[in-house]
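Here's what Swiss-Prot has on this protein:
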type    : residues                     : note
BINDING : His54, His56, His115, Asp139 : Zn(2+) 1 binding site
BINDING : Asp58, His59, Asp139, His177 : Zn(2+) 2 binding site
Amino acid sequence: MEIIRLPAFNDNYIFLLVDRATGDCAVVDPGDAKVVLEYLSKEDLTLKTILITHHHADHVGGNRQLLSHFPAAAVYGSEIDLQKRRIPGQTVSLKAGNHLDLFNRTVEILFVPGHTQGHIAYYFPPLQPEDSGDLFCGDTLFANGCGRLLEGTPAQLFASLQQICDLPDNTNIWCAHEYTLKNIKFSLTVDPENEALQRRFQQVQTQRQRQKPTIPTVLALEKQTNPFLRCSDRQLQANLKTTDPLRVFTKLRGKRDLF
């Protein structure tokens, strides 16, 4: 399976999962149908599957147009979003623990509420022990950040991020926005002593100056530099004047909202 990253809007990423042997593909969170259709036409690919992490327009806005070109494509999303009819064209309901088979890969469904109540993520475990898995997590975990609390509670999003932390450290994190540089600038205000974070800031500055994407990130790097995954770190707790990890997380999210 080949993963193609398609930029959309100002800072979104849409991901195509391509089986070159068959010419079939899936798309994750197609907020903009135009960029997807252009790539499919250029590469002569057939869209079979639409995977949605959550219902926001910049993640589902292209569904109807894609289905007009590929009416047989299945649209996957959470059971909560299906109940609320929030995902255009949704045909399949998913919940925590469900599994899919896609291009000879198993896909595990994680329920990761917080940003929205129905948010899910798609985890592709590695085929071989030495390989890396892939997580498509929408707006739950970002490179050096996390999603805003638009429908859920701090405790929900904190628990969702802990789920992600339980995945193997070499997991590739395919999040849906290019927010990395601003996230790192914020992180430095709350975790300035973090040398790994300082190094990452220099690297990401260079990448963005060259208009290079910073996605995917890797879970191990997030555990070293992302304050939202470091709420048990003693230095970060001292900086935020609390030893309660959930309270650290809640303070971080509030500060990031105002940054």
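Cβ coordinates are placed from backbone N, Cα and C, and glycine is handled just like the others.
It should be emphasised that the depicted structure is a prediction, and the values quoted were computed from it without experimental measurement.
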Problem - Distance, His177 (Zn(2+) 2 binding site) to Asp139 (Zn(2+) 1 binding site) (CA atoms, angstrom) - result: 8
Handout entry: For the Zn(2+) 1 site built from His54, His56, His115, Asp139, further residues of that chain with CB within 8 A of the site's CB center
Key = Thr53, His55, His59, Thr116, His119, Gly138, Thr140, Gly147, Leu150, Ala176
Exercise for the section: Would you mind reading off the Cα separation of His177 (Zn(2+) 2 binding site) from His56 (Zn(2+) 1 binding site), to the nearest angstrom? Expected result: 13
Exercise for the section: Output the one of His54, His59, His115 that, of all these binding-site residues, has the highest number of other Cβ atoms within 10 Å of its Cβ. Expected result: His54
Completion exercise
Counting every protein chain shown, other Cβ atoms within 10 Å of the Cβ of Asp139 (Zn(2+) 1 binding site) number 25
Exercise for the section: Determine, from DSSP, whether Asp58 (Zn(2+) 2 binding site) sits in helix, strand or coil. Expected result: helix
Problem - Asp58, His59, Asp139, His177 excluded, remaining Cβ within 8 Å of their centroid (Zn(2+) 2) - result: Asn12, Asp29, Gly31, His54, His56, Gly138, Ala176
Fill in the blank from the handout: Same chain, |i - j| six or more, Cβ under 8 Å of Asp58 (Zn(2+) 2 binding site); the result in sequence order is Ala8, Phe9, Asn12, Gly31
